[in-house]
Amino acid sequence: MARKPALSPEEARAEALGTALATIERKYGKGAVMKLSDDAHVNIPVIPTGSIGLDLALGVGGIPRGRISEIFGPESSGKTTLTLHIIAECQRLGGTCAFVDAEHALDVSYARRLGVNTDELLISQPDYGEQALDIADMLVRSGAVDLVVVDSVAALIPQAELEGDMGETQVGGHARLMSHAMRRLTGTIHKSRTSVIFINQIRMKIGVTGYGSPETTTGGNALKFYSSVRLDIRRIQTLKDKEESFGSRTRVKVVKNKVAPPFRSAVFDILYGLGISRAGELLDLGIEAKIIDQSGSWFAFGAEKLGQGREKVRALLDENIDLRNQIEAKVVEFLGLHPREFTPTAEDIAESQDPVLED
């Protein structure tokens, strides 16, 4: 009987690896270990945000599925508004959404005006943090929910703190709660393709002066570490008609992105009671891309005069859907090649990096 030719070191390594992979696959199922090229996320499944500029800034067209995302910012900056738009977009695509309202503050009528089908929206108003995160975990494990929103991390009070005496401190309890929840949720979320969004608030660090940002988010470092996308949303201007304010100009910075390049931004208007102004955003992006010409207070799209005054043109685009779609197609084509980026500060770079987790 002829002897098998001796294998070269490279062939022996390849055979050993193949045997190990086959054993792992038999024991833990197909896909337990694979080469990155076997499952390359060229087209990452996403949920649109309701903002054209933000979808483009995220690099993949929206919030990635099967990942954890964090939306944080100061009070009244538009965090919940943006999240409700994401819910509306998910429902429009036929998805099932759940809203874990730890703050007990969801405005149902406002959600309807933003396009959310509240009759189909699953809502939970938990009593304490562990209950909220357990409900979120069970919804994800069901595999039947496309989007779970937790509003907000700051309201996820540990049960021990809730049942303790007023003034009694539970040092690190909130951070431990979030760390434990993230470890449980991450693997389940990836397998289920559910997108989980945590809304978070900003707090001021105690005793920080000089170098470094005095701001931080609540809940410790675990959420920063496990989030694939982190969005910093800020109100940068109040929109006024004479003396009466009717909305706010808002900037969203992508300070962390594991699915596309970070440090991109989007600017849009949030109109009180109406949410993100898609027509207003298209007008701004069209001017930036030189698709819409502005001469003084007059606006034109090619040879077509759109009108005089920004608000009148915005109203026109709200009514004329065909015209809006034409402008949108050109804007998306331009910004897909020329994304709006910002120069990151030291704080932005720190936010984009995974923090060191402590047990």
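Note that Cβ sites are derived from N, Cα and C of the backbone, with glycine treated the same way.
Look at Swiss-Prot and you will find GLY73, PRO74, GLU75, SER76, SER77, GLY78, LYS79, THR80 tagged as ATP binding site, backed by sequence analysis. Proximity of GLY73 (ATP binding site) to non-local residues of its own chain (separation of 6 or more, Cβ distance below 8 Å) is seen for LYS79, GLN201, ILE202, ASP232, ILE233, ARG234, given in sequence order.
Candidate binding-site residues: PRO74, GLY78. Fewest other C-beta atoms within 10 angstroms, PRO74. Excluding the listed site residues GLY73, PRO74, GLU75, SER76, SER77, GLY78, LYS79, THR80, the same chain places ILE233, ARG235 with Cβ atoms within 8 Å of the centre of the ATP site Cβ atoms. According to its DSSP assignment, LYS79 (ATP binding site) is helical. Around the Cβ of LYS79 (ATP binding site), a 10 Å sphere holds 21 further Cβ atoms from the protein chains shown. Take the binding-site residues SER76, SER77, THR80: by the count of other Cβ atoms within 10 Å of each Cβ, the lowest one is SER76.
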